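Chemist: Dropping the structure in here first, questions after.
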Amino acid sequence: MIWVLQCFFPAVTLVVLSGFPAAVSSRRDVLELGDADFDYLATEHETMLVKFYAPWCGHCKKLAPEFEKAASRLKGSVQLAKVDCTANSETCSRFGVSGYPTLRIFRYGKDSAPYDGPRTAEGIYETMRRQTGPDSMHLKTKDDLKAFVNNHDASIVGVFSGTDSPRLAEFLKAATLLREQFRFAHSTNLQLAEEHGADSECVLLFRPPRLTNAFEDSVVIFRDYLTIGSLRRFIRDHIYGLCPHMTIENRDRLRVRDLLTAYYDLDYHHNLPGSNYWRNRVMKVASKYVGRGLTFSVANKKDFLLELEEDFGMGTSDGGELPFITIRTRLGHKYTMREEFTRDGASLQRFLEDYFAGRLKRYIKSEPIPEKNSGAVKVVVAESFDQVVNDPDKGVLIQFFSPSCPHCKKLEPVYGELADTLRSDPKIVIAKMNAVANDVPLGYDVQGFPTIYFAPVGRKDEPVRYQVTHLSPHPRLEARWTSATVLDKGASS
């Protein structure tokens with residue numbers, strides 16, 4: 001089969017490379033480990049974050065400076081380390097590293113858990129900082145509680161009747177499992193809950209003080225039977241509220257649902273009133289659509305400029321000081337509000353009415369459809385994908401590539417040779433699409449480059465990923481033979 005080496009996007013992990021032009025000391029804060037000393041050195045650290053990487057991986061190079069900055073900030077509390085898997089294959093194989101970058105948390109040298117947190121320096125710092133100290137902070141007084149909840153993030157506080165409470169034991173188990181994502185504290189002073197309307201054991205969820213508003217409660221009380229599962233569901237359903245502040249760190253958790261986001265010059269550090277001015281106007285409209293399956297958020301447009309430009313075609317001047325609005329569904333559908341945001345919220349309400357009525361046209365990022373497309377390998381763009389790949393009478397092999405991917409370039413002559421071989425078959429199409437410049441359609445999971453799928457006749461909604469199983473002594477010949485066999489079977493099915 002075609003040989004393909006993929007540099008996976010960092011879904012659950014990160015990688016380090018010493019390419020950041022900061023002080024050499026920041027690089028020294030990242031411990032280098034290998035086959036010879038991993039077990040010996042890792043056991044010396046209570047909590048350690050290890051990145052498994054390859055020097056050629058572009059995503060690793062991009063993330064290296066963020067990891068190094070986080071290492072400097074965490075120095076003395078959490079050790080950050082890296083392993084070059086091209087030179088230390090035994091260690092990487094032992095911990096199941098199959099793509100780069102990969103990042104895992106270790107405790108005294110033992111593999112504890114995958115790292116599922118954000119991939120910015122600030123996000124790594126905040127996530128790993130929560131990995132130190134107790135799973136749940138013990139609060140004794142009202143001043144302790146006030147200080148704990150006065151935080152940028154939401155706070156989960158359990159209040160119990162005594163240290164022997166079975167609910168407290170279950171709460172602490174949940175805190176151990178969820179500490180990476182949320183802040184936990186507990187108290188055996190029931191008076192702490194009284195001023196929040198509770199007179200018995202309960203869990204209080206405090207939303208961040210900066211997000212206090214007139215449309216919802218700042219504190220939500222959990223009184224149901226407490227288990228790890230029930231507490232997890234309670235936090236999931238209530239922690240963000242009606243309109244949370246979306247950041248680079250929490251965007252993936254918010255986007256598991258259909259999400260409307262208002263982007264503007266939001267800055268809670270320097271302009272709290274101005275940041276909440278537009279948020280309150282979004283919330284006034286959003287409160288009318290609770291329970292309709294759409295969630296809402298606000299975000300600093302400066303943090304998402306590149307994403308807005310690439311995913312929605314928006315420029316830095318769009319909207320001026322006014323918010324500009326997007327909807328991104330969990331299935332990947334995208335919509336933009338082109339009407340100017342009005343201060344009374346009327347334009348936003350019209351946009352939402354059109355969205356729920358199905359009148360909005362989806363935004364699709366696409367290169368222009370090529371005027372000439374006579375080559376053996378057909379060039380596909382997002383706007384022509386349905387016409388070419390979903391042609392009901394043809395089986396189509398589609399390669400998703402990146403222009404900067406070295407493996408894609410290596411594959412190009414083999415792919416072209418395959419296309420020439422099958423060019424005379426009217427039932428077969430060999431195609432490729434730039435997955436950086438075009439939206440990848442639903443049903444195609446592209447996590448690295450190159451990624452190849454086959455869309456067979458009669459089963460266009462079930463594309464088959466073209467998997468690599470082994471290397472051949474004659475890979476070019478094997479690519480031609482195997483691909484032709486697979487395509488012939490798919491086309492006739």
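Just so you know, glycine gets a Cβ as well, placed from its N, Cα and C.
Quick paste of what TrEMBL says about this protein:
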SIGNAL    1-26  signal peptide
DOMAIN    16-133  domain 'Thioredoxin'
DISULFID  C57-C60  disulfide bond
DOMAIN    342-492  domain 'Thioredoxin'
DISULFID  C405-C408  disulfide bond
Chemist: Suppose we draw a 10 Å sphere around the Cβ of C60 (disulfide bond). How many other Cβ atoms does it contain, all chains included?
Modeler: 26
Chemist: Among all the protein chains here, how many other CB atoms are within 10 A of the CB of C405 (disulfide bond)?
Modeler: 19
Chemist: Other than its own, how many Cβ atoms are within 10 Å of the Cβ belonging to C408 (disulfide bond)?
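Modeler: Here the count is 21.
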Chemist: Would you mind splitting the domain 'Thioredoxin' (16-133) into helix, strand and coil residue counts from DSSP?
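Modeler: Helix/strand/coil tally for the domain 'Thioredoxin' (16-133): 42 helix, 27 strand, 49 coil.
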Chemist: At the level of the C-alpha atoms, what whole-angstrom distance separates C60 (disulfide bond) and C408 (disulfide bond)?
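Modeler: Cα of C60 (disulfide bond) to Cα of C408 (disulfide bond) measures 18 Å after rounding.
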Chemist: Neighbour count, 10 Å Cβ-Cβ cut-off, for C57 (disulfide bond): what number do you get?
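Modeler: C57 (disulfide bond) is surrounded by 23 other Cβ atoms within 10 Å.
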Chemist: Roughly how many angstrom lie between the C-alpha atoms of C57 (disulfide bond) and C405 (disulfide bond)?
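Modeler: Their Cα atoms are separated by 10 Å.
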